[in-house]
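Undergrad: Here it is, the structure in full.
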């Protein structure tokens, strides 16, 4: 049996959404969005594709960005009981979408024909990874999909800004990594005969040497340390260079005495934000599984403002599984590790030890070592055992040979 799809599902259109604070604009978004929602019927499951229609409006419950208010949100409402909420936060130098919330009404038979339930369902994603420098516009033309429980939302042609100083989107843009990967060379003054569209492979980066090991900590209100980390950090990142007119690969060391630490400590999550001279911001997110009492590094976000780049370099992955350890213990890896984040960005760590939960007496707890450190400890043991075995074999051979040499003589 075929069902006639409602007009709401015919096409994807761009919408403009604004949250106003008096006569000023606080949040502005220009974007296209579509939702893929799976729901139950009486005897099966169905998946529908629902675009954000051009009739979408901003709910009056959306929050303004008053001075000192670090948390704001935009609520887009459409149809009978459907809504999309984008929650924002800022630390003064950056703003981000901290979570997405989708609400859909299963009693809307134009979208959910023969739905078994008539409930209003709410699903949330806390892993978004949309970041931008303050007073810049976040731009991501490429389609980007986020999972929210039994649904997904896909944004495209997105331009947005929060905590705006004026009423118009900033002409300065923070471009998402997906767009940077497909960006062609910017216009130059070269004549048509010198213009070229071929791509040049990125040369191998020149090693800057081993990064200095830094100590970073977060302190709670009672002046106790809640997160402790010691590590040397090296960025391995590709971006389009204005001076070289091509994509290059760079190794950049973080310098501890030029880097400040901030972040937060919660019961099941912790974040460490490292900022170097307002040019590099590196955000680590740790997640605790309260059932298994195991924690891991679940997200890394990079934002870099380099004068030679066409736009701020951004990269984010909130589905990582690195630095896994047990609650009440620290994680340690003296060997060099490479943490792959996205194809254009990875992070090299050196002499790393971190504990994002249950830090006591402001010191690391007993460490669980990485496999590479354990293997390096096994090598000298194996070599020593092999040498000891070789010495033993030589000694036995010597004794046997000596016994045979004496056996050829008789006592007179």
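Cβ atoms here come from the backbone N, Cα and C positions, even for glycine.
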Undergrad: Match it up for me: which of 142-177, 178-213, 214-249 does TrEMBL list as region 'Disordered'?
TA: 178-213
Undergrad: Measure from the CA atom of residue 176 (disulfide bond) to the CA atom of residue 26 (disulfide bond) and give the result in Å, rounded to a whole number.
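TA: Here the two Cα atoms are 22 Å apart.
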Undergrad: Rounded to a whole number, how many Å is the Cα of residue 333 (disulfide bond) away from the Cα of residue 140 (disulfide bond)?
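TA: Given the Cα positions, residue 333 (disulfide bond) is 36 Å from residue 140 (disulfide bond).
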Undergrad: Cβ-Cβ under 8 Å from residue 370 (disulfide bond), same chain, 6 or more residues apart: which ones?
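TA: Residue 370 (disulfide bond) has long-range Cβ partners 331, 332, 333, 335, 337.
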Undergrad: Counting by DSSP, what is the helix, strand and coil composition of the domain 'Lysosome-associated membrane glycoprotein 2-like luminal' (211-359)?
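TA: Taking each residue of the domain 'Lysosome-associated membrane glycoprotein 2-like luminal' (211-359) in turn, the totals are 3 helix, 99 strand, 47 coil.
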Undergrad: For residue 176 (disulfide bond), which residues in the same chain are close in space, meaning a Cβ under 8 Å from its Cβ, but six or more apart along the sequence?
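TA: Result: 130, 138, 139, 140, 142, 144, 314.
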